[in-house]
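Visitor: So that we are looking at the same thing, I have put the structure below in structure tokens.
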Amino acid sequence: MRCCRPALVALPLTLTGCTGWQSSLDPQGPQADTLATMFWVFTAILALVWLLTMAALFLSLRRARAERAGPLVLEPQAERSMTRAVSAAVAFTAAIVIALTVVSYAAQRALFSSHEAPLTLLVKGHQWWWEVTYEDGQPSRRFTTANEIHVPVGQPVLIKLQSSDVIHSFWVPSLAGKMDIVPGRENRLVIEASKDGIFRGQCAEFCGWQHAHMAIAVVAHPAEEFERWRENQISAAEPPDDPLRKRGMEIFLSRPCVMCHQIRGTPAAGKVAPDLTHVGSRLHIAAGTLPNSRGNLAAWITDPQGIKPGAHMPLMKLAGDEIEPLTRYLEGLR
Amino acid sequence: MRRLVAIAAAIAVLSACEREDREFRPPPVGTEAEAPVTLSSIAPGTGPAERPGEMGQAYEENAYHLSEGKRLFTWFNCKGCHANGGGGSGPALMDDSWIYGGALLNVVQTIREGRPNGMPSFRGKIPEEQIMQIAAYVRSMERQVPQDAAPGRNDDLMPRPSEHRLPARPAVPGGTVPPSGQAPQ
């Protein structure tokens, strides 16, 4: 007992790692539920098989061997019982493998049976951030955001996955399994959140230097709150009213920022970097690397290569007194 | 003895594994005032015209900077006028004639200040280091850069071989202004 005490203390501690905003063992939607159920069925059956095998091994090692008359003497009785035991074990193994195959197949059927959903998103993987476009029948209601997906609770959402450069993989463990993003083709995945909350996802296929800093947040709201969020995102950025933020906008439009980023409602229309129209309303910046705050925005703009080496955001050498107006302007884009 | 030689050889082979460092903070480029560039071979006075310096060697010999330049060439829509180097409404970049000089700093100057008849100025819009990367890439289209540094793969269909497979050709300064680039008569 004494020898097991550290293990007994450590085991519950490891289990606490299973909950949280990024865990497939803490499912928050029907797709993740299906996967978690499958995981536990596999784990339970295979654990049982392992225990039985180990017990049989242990017993056979401990069993006293009967004396044999000679090495060449046949023992039909013992042979027959051994044949029976081995046949039973093979049949049992085959039955388990077939049963697990059926369980796995049924789970796949449940996950990929439907590609219809009231809400369709186009998620594009870039090195190293996510572009998210909310599709709509009306072109004027289509909009783009970055690194953050908002979904209504209890509604399936179809996600079309595309890549602009290399292979990525979209994985929000609390809501669904992984789906690879392959350049030149479109993979589809349906996710659904059964309760509100924030779930973290991240790129699950090594995609270059900053693969580890390529996270995405999925925010699930009640339906009416989601609609409010969507209406706000559809609208263009409001022009700044105070002089400091006005100066910030001028700096944004006259500096390299404007070459890559878009702010709807201004001449900035770059499409190769995250859309910043409502950047102030996001939880994180730089694809989940830093929490969104004015200080972090300033740090990111001043030294992007120190925070995320290799990212495509260049060093811009802004003057010291340009940082405050610029970050105030960006912070206010809500 | 033979074994020692083999071990030494194996270690020497390993040293070839690191081709270059990726410099995420590119080598600093002086301000424009520190980099005088001759825009024309005609100069006042008797002294010879100033020649562009050798600055930017580090950019042309580094595969990472060249590949960044290739990415930016698409990102900033240089392709819109110059196509993939073959030229369109803008002059071709993959031939050996250079209307405004073929040295790296001439190309930098062209991007930074613009040129008559359509080339816009990107002063202040593209950071200096990125201009150097784009200019180095433009020169790689004509294989003015070392072969082992030139980009070796195209992501899309291209009308020409990738840059490292092009034959190296010395730049011919001067060249002609194509009819599309001439001022209206």
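Yeah, the Cβs are placed from backbone N, Cα and C, and that goes for glycine too.
According to TrEMBL, the protein has these features:
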DOMAIN    A:116-232  domain 'Cytochrome oxidase subunit II copper A binding'
DOMAIN    A:243-334  domain 'Cytochrome c'
TRANSMEM  A:36-61  transmembrane segment
TRANSMEM  A:82-107  transmembrane segment
Visitor: Let me spell it out: take the transmembrane segment (A:36-61), skip the flanking residues so only those 6+ beyond its ends count, and list any with a Cβ under 8 Å from a Cβ in it.
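Guide: Hits for the transmembrane segment (A:36-61): 24-25, 27, 96, 99-100, 103-104, 107.
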Visitor: Looking only at the domain 'Cytochrome oxidase subunit II copper A binding' (A:116-232), how are its residues distributed among DSSP helix, strand and coil?
Guide: 16 helix, 56 strand, 45 coil
Visitor: Could you tell me the mean pLDDT over the domain 'Cytochrome c' (A:243-334), as a whole number?
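Guide: That region's mean pLDDT is 93.
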